[in-house]
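Participant: Before I ask anything, here is the structure I am working with.
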Amino acid sequence: PPAMSRRVVRQSKFRHVFGQPVKADQMYEDIRVSKVTWDSSFCAVNPKFVAIIVEAGGGGAFIVLPLAKTGRVDKNHPLVTGHTAPVLDIDWCPHNDNVIASASEDTTVMVWQIPDYVPVRNLTEPVVTLEGHSKRVGIIAWHPTARNVLLSAGSDNLVILWNVGTGEMLLALTDIHSDLIYNVGWNRNGSLLVTTCKDKRVRVIDPRKRQVVAEKARPHDGARPIRAIFVADGKIFTTGFSRMSERQLGLWDLNNFEEPIALQEMDTSNGVLLPFYDADSSIVYLCGKGDSSIRYFEITDEAPYVHYLSTYSSKEPQRGMGFMPKRGLDVSKCEIARFFKLHERKCEPIVMTVPRKSDLFQDDLYPDTPGPEPALEADEWLAGKDAEPVLISLRDGYVPLKNRELKVVKKNILDNRPPPGTRRSQSGSDTNISVSA
């Protein structure tokens, strides 16, 4: 046959990435995972803790377990229980492994300091409560490089940016979304947002200018929710549904948002595909809610741009999924990703590995990766400054830092004292709060 027709196998060190569940005793058992119907991941992990939204009578709660605390979870294990209605989303602060934010149907966002020891009773007092939404808050996401900047998006179609260190609203994006916001993602340096919305549009937004800088109507023709994330070089990766209800993925270039660089059909399952992206390996992992598999693809600069790598399959469907940041992985085992798969009653870590014969540090698998130091202060970012993440080497592994306290200092507390008789002040008291560990 002519040389042209021979199928060339693409060279990639990630062609043989394989996923494996941990042994049975390394799972977290007896957890009542939340049954709320909401398309968030329900699980957030970092190098110290796994946090999972759980069923809670009357209010809203999540559980936080030290990573090493595998096995059966004591039924009296303390919960984080400050919300008065179900928790819909949780997110660990990228710059402080003891700080987590939660968003709830009760219209508030709360930020919590989690101690390194397991507390004796439920945590009920957040470090700060952020009030500004008028309907449930379903999405939160910390800024990747600026300290204490937190984004929230609610069913009031608002996106609000907060300075958690002062408890203040930095800015609100009010007239951009005309319908329910499905998801929000930052780009790598936190200068832009990408959002998807029930109005079937993907928008790229400069939050500080409060401007839509690029927009695509109907990247996928189907009626079901679309997700979008930034990948390398500022391209946008989307998941959605075709008119025939097949699940699709798409890759888009902002310079020509009209036509996709890649558009692939996958299957006819109806779960929304949650994309998780690792910039270091340029791999995107797709976890469908209700699926029992994780599919993964490498994104490159050569056609077809989105290259299917493999599928991790299991028997049990996933209720949600946590994704460990790179610094929480075991580099000695060539682990390039770790997922925390939620079942009805347990959380099962799944390890993604690149097989290597050598025991030496594999620097091609582990370029320097974002570490826990922010690159900017909140007010520098708000004033227009941008900075790339501060990178660290994983050559000797990563050792989590000791508990650092989040201090919230309210500005001019007398100027914004609420009128008497309001439901509650924004923090637990009218004076400067400082939380002692």
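Note: Cβ is positioned from N, Cα and C throughout, glycine not excepted.
Quick paste from TrEMBL:
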| type | residues | note |
| --- | --- | --- |
| COMPBIAS | 423-437 | compositional bias 'Polar residues' |
| DOMAIN | 7-71 | domain 'DUF1899' |
| REGION | 413-437 | region 'Disordered' |
| REPEAT | 80-114 | repeat 'WD' |
| REPEAT | 130-172 | repeat 'WD' |
| REPEAT | 174-215 | repeat 'WD' |
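I would like each feature placed in context: is it buried or exposed, what are its neighbours, and how far apart are things?
Facilitator: For the domain 'DUF1899' (7-71), the model's average pLDDT works out to 92.
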Participant: Hey, which bits of the same chain come close to the repeat 'WD' (174-215), Cβ under 8 Å, at least six residues off its ends?
Facilitator: 39, 138-139, 141, 143-146, 149, 151, 153-155, 157-159, 161, 225-230, 234, 236, 238, 252, 254, 257, 279, 375, 381-382, 384, 386-389
Participant: Can you count helix, strand and coil residues in the repeat 'WD' (80-114) using DSSP?
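Facilitator: Across the repeat 'WD' (80-114), the residues distribute as 0 helix, 22 strand, 13 coil.
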